Each structure stands twice: as structure tokens, then as C-alpha cells.
Amino acid sequence: MASNKTTLQKMGKKQNGKSKKVEEAEPEEFVVEKVLDRRVVNGKVEYFLKWKGFTDADNTWEPEENLDCPELIEDFLNSQKAGKEKDGTKRKSLSDSESDDSKSKKKRDAADKPRGFARGLDPERIIGATDSSGELMFLMKWKDSDEADLVLAKEANMKCPQIVIAFYEERLTWHSCPEDEAQ
């Protein structure tokens with residue numbers, strides 16, 4: 001993506017001197033109006049963007065490396081910092097120390113991140129199973145994701161029974177009795 005200023009200049013040139021066909025020949029250049037949100041997916045930062053001249057229904061998540069609008073990203077990050085500082089001052093009066101606040105923030109971030117089926121991804125296969133928490137859980141690999149999550153077996157049984165069956169079938173072993181072989 002081109003920077004906000006660069007893209008606007010290019011668009012101006014297109015409108016002043018070149019035909020509409022040239023505009024259509026470069027459909028990959030769009031102008032970012034505003035950065036709305038930020039997330040990390042598979043270790044890569046993505047931004048939720050409002051595109052200039054498009055409706056909110058056309059907003060998209062784009063990887064940071066595809067973007068060249070540092071001013072808009074900086075504005076967004078500064079607004080996020082300002083919002084967190086306001087919240088932080090309220091929490092500081094309630095918490096005993098800075099270190100406690102940063103530890104609880106990390107826990108909140110981890111707790112806020114959707115896990116399992118809440119991520120809205122389709123299950124690909126079950127990698128393993130455990131009952132270390134007292135309940136049977138499956139380690140689920142998701143389609144189009146490198147991350148795996150522990151999900152309750154009860155939930156997997158309801159939401160993806162064929163994947164659960166495939167997991168058990170892979171581990172099924174048959175033992176024949178000597179009497180059966182004689183017949």
C-alpha cells in the first residue's frame with residue numbers, strides 16, 4: 001500500500017492527466033481513511049482499516065507489512081495509549097504497585113483473547129487429548145491457523161463429531177483372539 005499522502009498525490013495525477021482505464025489498471029492502491037483496531041495473528045500485526053470512499057461494510061484486516069500509512073498508525077496507537085493511560089490511572093489507585101498492574105494486564109490480555117471455538121475457526125484435526133484439568137480436553141488444530149487450542153471434549157463432541165471420531169479411529173487397535181484365527 002502507498003502512504004496516505006503518496007496515494008492522494010497519485011490519485012490527483014490520475015484524475016488530472018490520465019484516463020479512467022489507468023485508474024482501473026492499478027486497483028490495488030486504495031486510500032486508508034482511518035485505522036480502527038489492531039490485532040496479532042500468528043505473530044503478525046494486523047490493522048482493521050476504514051477505506052476512504054467505502055462503507056464500513058468494506059472495512060478489512062490488513063497485515064502491517066502491506067501498509068504504508070505510518071501517520072495513521074501512529075495516530076491510532078497514540079489514541080490507544082491515551083485510552084489505556086486513563087484506565088491505568090483508575091487502576092493505579094486500586095492496585096498496590098506498578099508490577100502488579102502490568103502482570104494483571106498480561107493476564108487480562110490473555111483472558112480477553114478468544115480461545116477454542118470462540119475464535120470462529122473451523123477445526124482441522126485433533127492432535128492429542130488430556131485430562132490433566134480433571135475434564136477430558138482435546139488439543140485442536142484449526143484450519144488456516146498455526147495455533148492449536150485446548151477445547152473441552154464435550155464441546156468438540158457436539159460441534160465436530162466427525163473429527164472426534166477420526167481421532168479415535170486413528171488410535172484404534174484390534175487384537176485378535178487365537179480361537180478366532182483357528183476358525
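Positions of Cβ are set from backbone N, Cα and C atoms, glycine also.
Feature annotations, courtesy of Swiss-Prot:
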type	residues	note
COMPBIAS	82-125	compositional bias 'Basic and acidic residues'
CROSSLNK	LYS5	SUMO2 cross-link
CROSSLNK	LYS10	SUMO2 cross-link
CROSSLNK	LYS21	SUMO2 cross-link
CROSSLNK	LYS103	SUMO2 cross-link
CROSSLNK	LYS154	SUMO2 cross-link
DOMAIN	30-88	domain 'Chromo 1'
DOMAIN	121-179	domain 'Chromo 2'
MOD_RES	ALA2	N-acetylalanine
MOD_RES	LYS5	N6-acetyllysine
MOD_RES	LYS10	N6-acetyllysine
MOD_RES	LYS44	N6-acetyllysine
MOD_RES	LYS50	N6-acetyllysine
MOD_RES	SER93	phosphoserine
MOD_RES	SER95	phosphoserine
MOD_RES	SER97	phosphoserine
MOD_RES	SER99	phosphoserine
MOD_RES	SER176	phosphoserine
REGION	1-28	region 'Disordered'
REGION	78-125	region 'Disordered'
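Features per Swiss-Prot, on structure.
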residue : record           : contacts (Cβ under 8 Å, 6+ apart)
LYS44   : N6-acetyllysine  : PRO63, GLU64, GLU65
LYS50   : N6-acetyllysine  : VAL32, GLU33, LYS34, VAL35, LEU36, ASP56, ASN59
LYS154  : SUMO2 cross-link : GLU135, LEU136
SER176  : phosphoserine    : none
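In the three-state DSSP scheme, LYS154 (SUMO2 cross-link) is classed as helix. Note: the domain 'Chromo 1' (30-88) comprises 25 helix, 22 strand, 12 coil (DSSP; helix = H, G, I, strand = E, B). In the three-state DSSP reading, SER176 (phosphoserine) counts as coil.
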